[in-house]
Amino acid sequence: MELLRSNLSRVRIPEPTNRIYKQECCISFDSPKSEGGLFIDMNTFLAFSKECVIWNYEKTRNPVYLHIKQTKKSIPEDRPLKKPTRLAIGLDGGFDNNEPEYEETVSIVILPDFVSLPFPSVELPEKVRLAVDAILLADGAERKEQLASWIADKKQVSAFATNLQQIDDGVVIPRSGWKCCKCDKTDNLWLNLTDGMIFCGRKNWDGSGGNNHAVEHYKETNYPLAVKLGTITADLGAADVFSYPEDESVEDPLLAKHLAFFGIDFSSLQKTELTTAERELDQNTNFDWNRIQESGQEMEPLYGPGYTGLVNLGNSCYLASIMQVVFSTQSFCSRYYKNQNLKLAFETAPADPTLDLNMQLTKLGHGLLSGKYSIPAEEKADIARSTTPIKQEGIPPRMFKAVIAASHPEFSTMRQQDVLEFFLHFLDQVERANAVKPELDPVKSFKFGIEERLLCSSEKVAYNKRIDYILSLNIPLHEATNKEQLEAFLKLKAEKSLEGKEVSGDEIVRPRVPLEACLATFSAPEEVQDFYSTALNAKTTALKTAGLTSFPDYLVLHMRKFIMEGWVPKKLDVYIDVPDVIDISHMRSNGLQAGEELLPEEVAGVRNVEPGKPSPNEDIVSQLAAMGFNYLHCQKAAINTANAGVEEAMTWLLSHMEDPDINDPIEHTSDQPFVDESKVDTLVSFGFSKEVARKALKGGNIENATEWIFSHPDGSDLDMDATSSSPSCAADAGLPDGGGRYKLKGIVSHIGTSTHCGHYVAHVHKDGRWVIFNDDKVGASIDPPKDMGYLYFFERLNS
């Protein structure tokens, strides 16, 4: 006790604004449930495992800690299983994971000798008692940053309900025996509340559901509200009402009146159909997406180093799938595991390691690859009574998600995200975090150069180079190898449609397109209309081809499965035949050839006008281009929205697609080469002046710019120019390069109709076999869905 009193100056009573960590170690994934429990620094309120707390003491000399240990209580074998009644996790009526209950013990521990004092105790100093009470009562920072509970949005009252017009055509709805007015569907039926017509619901992505007759009726009539038959009971609040103009499930406060108009006595009706929310609940309870998740397969669970699952934090499967593939690469494995121990990372991290990306990547790397947390979960009551193999508990990437998403308004939410956007954002953040020591940067293993050759009608050429991390490929459906089967299927579908029937899931035939055909679209010649030629000083037509100036260690292929039909995104229902080994040697670009003459020195396709035009943010441009938009159009969208963001740029782009000058070259001054202001800010954060940063970034690349600054400490060579049309610019200097043969290493697959909903799953080839990573479930893959990938990761084969 005297030892504690002598260290009272190192004890703080937390303020309401202090972040208190008490669920997970800042350096490892140990928790109060771990064998050694958790130690909370009573000065900084950071939490540490028993192994790591001594490192914190050595770094900060803070000796007083609150020790929390949780021990599992025994669970009665006859504990009943509860069926969820609402779309929620961790709330009453929500998903019951049958989590065991824990008994918690608390004590005060003084380092370095781990002297322990019991709590509660009247002998403890008042300051310590107040500090401990405040820590125990406070919401943990982990809970504040990553909400543990999730619930579907509450239904809003429809704007169309109060003044809904109803047409009296003598329609009276019977109590049963309903059928769609346009087909033979007798389930998933919707009653339009304006005219009383009954139609079937929407067709699901997998062919199930209805035939879209209800939504087609709305498009023909603009009658806004429909109620799902079979969901109407005495509890009208539970009825499923959908508003087509608002495009969501809504509440109709006058539903009783609207139903009575058609002679419906809701008090005597029994529920026979699932509401939309309940269908969503069933999908969340048990995904019916068999192929990608390999459901129904007797899969062998895997444990040990490299086989650690990631707990889903609530729509975080996009993050989990990418991190599993990324940490299977040698570059990330070496940077954040083999060549980086936890203690060194902590010693070099700032005062709060939870805010340091390199620290949290090291923590994640050790968590995934060490095998420490890849052990079978202890049997729970429901598992013990089933034949399902015992899965592991996995690790929750809370702190990593918080720091990687801190600068991004979308990734910091609990909503589902596009895995491609997250991958590009992740690489950008890692590259920035390693900018001071670019030789350690693992991102360069994904980098490669792209060179575009423009052949003007004057027979002169221009070469433009850029750096990229992914190769985004169109899917040429006309190159399908199963055209005969497709024609037969379309004929069968048409015949069944005339009969009011739909094809079964087993009868559906999807196009099969070879990957080599997709790769060919990247290199295929493309006409560029209204190209401004500096040789002719006029607009003309140019022929554009593209190739790679370097081959990266890891080649990432993005399949453009999501296309825009008018204003509506659509997912292509297609299979891609992907071989285990590919050779892209023929895609190498060799720059200016003998006999070719370059266009005049002015930047190809760019006219010189008044100064002051902003430069397009390359991150925004690359993300839009990856979605399939024209690269020039993407640049214009970024410029005309002042680089506000991807969403703003896309909105501008979609509303200006038909502009007569959309293909006109971008105008800027010849003495003002494009400089990405976000990269300027990055260099400024390293301590360089803006003037020097802008000079260095004329080459466009942070790595080259940093090297240039250190080799020109006096700021000389002010006229360094990387805007010439000459292919000899150093845009791809320092990039990894090698042969063009690659082996398939990983697949990220998407299930659902949009990148912002559904589910992502990763398959990785390691230790001579394919492994499925489905959040916290890890197992030996029996039938990896190589033909259903959204992102493909290839590893270069050494000659």
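A Cβ is built for glycine as well, from the same backbone N, Cα and C atoms used for every other residue.
Residues or ranges marked as active site, nucleophile in TrEMBL: Cys317.
As annotated by TrEMBL, active site, proton acceptor applies to His759. Its Cβ taken as reference, His759 (active site, proton acceptor) is surrounded by 22 other Cβ atoms within 10 Å in the chains shown.
If you look up TrEMBL, you'll see Cys180, Cys183, Cys200, His213 marked as Zn(2+) binding site. The 10 Å shell around the Cβ of Cys200 (Zn(2+) binding site) contains 26 further Cβ atoms across the protein chains shown.
Residues or ranges marked as domain 'UBP-type' in TrEMBL: 156-266.
Taken from TrEMBL, the feature domain 'UBA' covers 615-656 (among others).
According to TrEMBL, the domain 'UBA' annotation covers 674-712 (among others).
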Looking only at the domain 'UBP-type' (156-266), what are its DSSP counts of helix, strand and coil residues?
19 helix, 22 strand, 70 coil
Non-site residues, in chain order, whose CB comes within 8 A of the mean position of the CB atoms of Cys180, Cys183, Cys200, His213 at Zn(2+):
Cys181, Lys182, Asp184, Lys185, Leu189, Phe199, Gly210, Asn211, Ala214, Gly500
Treating G and I as helix alongside H, and B as strand alongside E, what does DSSP give for the domain 'UBA' (615-656) in helix, strand and coil?
29 helix, 0 strand, 13 coil
At 10 angstroms around each C-beta, which of the recorded positions Cys180, Cys183, Cys317 has the fewest other C-beta atoms nearby?
Cys183
Inter-residue C-alpha distance, Cys183 (Zn(2+) binding site) and Cys317 (active site, nucleophile) (nearest angstrom):
38
Near His213 (Zn(2+) binding site), how many other Cβ atoms are within 10 Å of its Cβ?
21
Binding-site residues Cys180, Cys200, His213: which have a Cα within 10 Å of His759 (active site, proton acceptor)?
none
For the domain 'UBA' (615-656), what is the mean per-residue pLDDT, to the nearest integer?
80
Taking only the Cα atoms, work out how far Cys317 (active site, nucleophile) lies from Cys200 (Zn(2+) binding site), in Å, as a whole number.
32
